[in-house]
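What follows is one structure encoded as structure tokens, with my remarks underneath.
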Amino acid sequence: MEEPAAASALEARGDLRSALPFLPVVLRGGALFWPPAAQESLRALALGPDVSRVASGDVLADALTDLRLALALPALPPRAADGLALFFDDLLSRAQARGWFSEVVPNLARLLLRLPTLLEDHYAKAGHGASGLRVMASQDAGVVLLSQELVAALLTCALFCLFPTAGRAQACLPTINFDGLFAPLIHNARQSQEQKVRCLVHYFERVTDSMPTGLVSFERKVLPRRAFSDGVPYPDIHAWVASSAPLCQFTVFSSGFIEDEEQEALQVDFANKYLGGGALSWGCVQEEIRFMINPELIVGMLFLSCMEDNEAIEIFGAERFSQYMGYGSSFRFVGDYLDTKPFDSMGRRRTRIVAIDALDCPARLHYESGCLLREVNKAFCGFFDQSKHHLYAKLFQDLHNKDDFSSINSSEYVGVSTGNWGCGAFGGNPEIKSMIQWIAASQALRPFVNYYTFEDVSLQRLEEVIQWIRLHGWTVGELWHMLMEYSSQRLGGETHKGFLAWLLPSDRPKNQVHYMSE
């Protein structure tokens with residue numbers, strides 16, 4: 001009598017219904033299955049090359065086309081098939097290719113055969129603040145918690161290009177299959193594309209050798225446009241001016257990388273509004289590199305719709321698997337990385353990555369008040385902790401007695417690790433963005449910001465300015481006021497200096513120096 005009830009419960013799940021059109025499995029009779037033809041193909045792959053005859057990239061491409069046809073999907077695109085064959089037959093060493101086809105591919109096929117069971121177990125355990133796997137549309141705040149084994153199975157679907165693509169664009173979902181990763185290998189002189197694939201191949205070698213047993217959470221964070229009793233409202237310009245929150249500690253690093261942060265911190269992903277950006281195509285800058293060395297991040301691209309201005313995405317627990325060097329066209333996979341980050345009580349590695357997408361617009365527009373507000377609220381959305389929403393309202397008040405903050409400081413010592421967010425192709429100003437992130441982190445009750453300048457010459461005086469501001473005990477509201485004043489003067493042609501040079505007393509009109517020194 002329990003089986004029909006369990007079956008009915010699975011079919012009634014709204015989270016599963018939202019995800020099912022984008023998964024390669026089917027729901028029938030209250031259980032999840034591979035379609036029969038696909039299951040037979042996977043079983044053959046699982047028996048190894050002596051049975052499946054899949055011992056080369058060229059034959060693997062044919063096998064993936066057969067799998068796709070069994071799922072009522074079109075054949076693998078020709079350029080993707082050619083790129084896959086090129087990588088495994090020509091770019092990979094013979095020894096590594098033999099290991100891939102004799103061990104890794106059969107193990108991946110066995111993992112996929114377990115996917116229906118892994119999903120059913122996942123939905124059976126969902127709860128306690130996290131839903132089951134579902135499409136998390138815009139403004140749909142919430143958390144999805146996945147085991148690393150389920151993540152590996154879903155990433156294998158992406159590698160084999162088995163996810164249905166119909167309806168993804170309409171749902172504002174990013175690309176998820178790996179065909180766009182392999183296709184650029186053909187007639188592409190940039191070795192960075194090959195190196196991205198090497199990172200992912202290394203990930204699959206690692207998990208098939210020893211499956212990790214932790215959990216990864218994916219959270220969509222939303223600042224509601226209208227105030228709710230259990231939500232953090234979207235602050236306006238006046239709210240920021242009124243804030244008397246003290247500015248947190250800010251440390252400048254001219255060298256080093258966000259992903260190597262030793263303190264527990266939100267590590268900022270300089271994101272595209274579509275999570276992952278060009279990770280699964282030709283992109284190879286900050287976000288794409290992070291997704292290659294922490295491949296479990298890619299699974300968020302399956303079900304997290306693009307971000308709007310009042311949204312951010314936080315991923316907690318993604319393991320790092322690869323060492324690398326270089327950036328952009330010089331990016332190179334260098335070898336294995338053993339992640340030693342400790343686990344939290346839920347079984348997640350204590351690596352917190354927050355994706356916030358900066359404005360992509362002409363440089364002059366970055367000084368407009370509406371753009372400044374959008375950027376500080378985007379960063380605040382990424383940095384806030386929903387469990388402390390009741391405290392944030394107090395911070396958007398003009399409380400001149402700093403003792404008022406002693407009872408609401410964050411007890412959890414998790415800071416922010418960031419850098420020149422949105423300052424590459426998106427045209428942002430590093431001086432402005434450093435201040436915006438400092439303001440947002442302080443308002444979110446983060447105890448510190450570790451800022452990596454990547455040796456940007458415009459930030460040579462950043463540490464000097466930080467020390468001067470902290471010496472004078474400025475609040476969030478006071479720094480925001482000066483940022484707005486500077487931007488107004490910049491737009492009006494009253495100054496052409498950078499913000500840091502404009503701010504220091506030796507470079508300021510006397511009336512403004514007096515204001516800052518009060």
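Glycine residues also receive a Cβ, built from the backbone N, Cα and C atoms like all the rest.
The active site annotation in TrEMBL covers D269 (among others).
Every protein chain considered, the tally of other Cβ atoms within 10 Å of the Cβ of E287 (active site) stands at 23. TrEMBL lists E287 (among others) with the feature active site.
The local packing around E288 (active site), expressed as other Cβ atoms within 10 Å of its Cβ over all shown chains, amounts to 21. What TrEMBL lists as active site is E288 (among others).
Annotation source TrEMBL lists substrate binding site at N272, Q286, Y327. Note: Y327 (substrate binding site) has non-local neighbours C284, V285, I289, i.e. same-chain residues 6+ apart with C-beta under 8 A of its own C-beta.
Under the heading domain 'PARG helical', TrEMBL lists 93-220. Helix, strand and coil content of the domain 'PARG helical' (93-220), in residues and according to DSSP, is 69 helix, 16 strand, 43 coil.
Averaged across the domain 'PARG catalytic Macro' (238-460), pLDDT in this predicted model comes to 92. Annotation comment: TrEMBL describes 238-460 as domain 'PARG catalytic Macro'.
Rounded to the nearest whole angstrom, the C-alpha distance between N272 (substrate binding site) and E287 (active site) is 8. Within the set N272, Q286, Y327 that the record links to substrate, no two Cα atoms are more than 17 Å apart, and one pair reaches that distance.
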